[in-house]
Amino acid sequence: MLIQVQPSHLTDTNLSLHSAKPSSDHQNLLPSEFMTERPLNTTEQDLTALNHTEKPDCGKELLLYGDTEKIVIGVVLSIITLFTIAGNALVIISVCIVKKLRQPSNYLVVSLAAADLSVAVAVMPFVIITDLVGGEWLFGKVFCNVFIAMDVMCCTASIMTLCVISVDRYLGITRPLTYPARQNGKLMAKMVFIVWLLSASITLPPLFGWAKNVNVERVCLISQDFGYTVYSTAVAFYIPMTVMLVMYQRIFVAAKISAEKHKFVNIPRLYEQEGIYCLEDKLPPKKNSKKKKAVEEFASLSKLIRQDRKNISIFKREQKAARTLGIIVGAFTFCWLPFFLLSTARPFICGIMCSCMPLRLERTLLWLGYTNSLINPLIYAFFNRDLRTTFWNLLRCKYTNINRRLSAASMHEALKVTERHEGIL
């Protein structure tokens, strides 16, 4: 999200301090008196430059790669970018063309894919070029501000969307009958709009005077102002991460409690057959009372099984969605936490004008964060059968009748579930 690039025009300051051979007038001076005298040829400017060289050179380090390293790094980063574009584009296309996937809760999935796709298209290519030329910003001061704005807004939108998804899944599991947003497309669209509005609130301050970006020759770095750093990292990462962890902790507890209520036992399929309702006609009237009572109990149990089987299906589907999003949140934390820890500490260690952190470390953690935009669609495709099937059909250019094929596959899966010996204790 945050990019720091280094200037190449800085050179070490070489200072030569000359002292003349002491004359006879100086020979009688005490050693302490002689040492306090200023060297004869040393100027005020030399002393000022000497004091500056005692401080760490900020922004001097470059990424120096050999030809082979540049090729390998360029290929790897380009593959990450291309796969990120392809994966997130497939998610958006799949939700748009498949009726089964056009659910209000999937608006958030599309928003997440759009944010990740924007990172891959508008941010990653410029970071690749900057890294391959050693860390120098080659695109000018004006575009530096545009680039930082796109970087911050898209990455923040991705993170905040994950946060809203966690809240959506939690409410969907704990309040499946009363949570209206899952059936209300307009309300979900408003939530997506709020996510992008909050992302813009972090992007705009440096463009309007508060906490200006570090934008000098061949250097493009987001503002290192202390207040802005605390505000931006808290809103963009720490608060959303805390909300996600709390939501999934509650989801885990709720799923565990629900699992205890939905223990499965094998119930003989005899009681689900229609023949059970005809037994009383085959028995004598006087000997039918106990049998009739048993038949009524079995009939009620059979009806209860059929009624609750639908609830079981919903319960399993929500559990799977929670597990999928739990993995996504875990991947998000792994990818972004190291970078944001470094970004938060950087201005307090290096000051507000530049970065003194090891450049290779910064770039590695930055690309680890960008990789999260690649991981998200892969996780969805792996855990969502409908999305995975749609991906496969799109990659094989089988666009026609895709909704019909998905409906047939879903019906086949439903029949397989119906044939299982399931019940509720």
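Including glycine, each Cβ sits where the backbone N, Cα and C put it.
Note that this is a predicted model, so its numbers are computed, not measured.
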Cysteine of Cys58, Cys96, Cys163, Cys220 paired with Cys144 via disulfide, per Swiss-Prot: Cys220
Same-side membrane placement of Thr174 and Ile352 in Swiss-Prot: no
Feature N-linked glycosylation site, as given in Swiss-Prot - residue among Asn51, Asn311: Asn51
Beyond the flanks of the transmembrane segment (323-348) by 6 or more, those residues with Cβ under 8 Å of it: 1-2, 159, 162, 165-166, 169, 224-226, 229-230, 233, 236-238, 241, 244-245, 248, 251-252, 355, 357, 361-362, 365-366, 368-369, 371-372, 375-376, 379-380, 383-384
Nearest of the recorded positions (Cys144, Asp151, Cys220) to Cys397 (S-palmitoyl cysteine) - Cα to Cα: Asp151
Two-stretch contact, the transmembrane segment (360-383) and the transmembrane segment (108-129), at least three Cβ pairs under 8 Å: yes
Secondary structure tally of the topological domain 'Extracellular' (130-141) (DSSP, helix then strand then coil): 5 helix, 0 strand, 7 coil
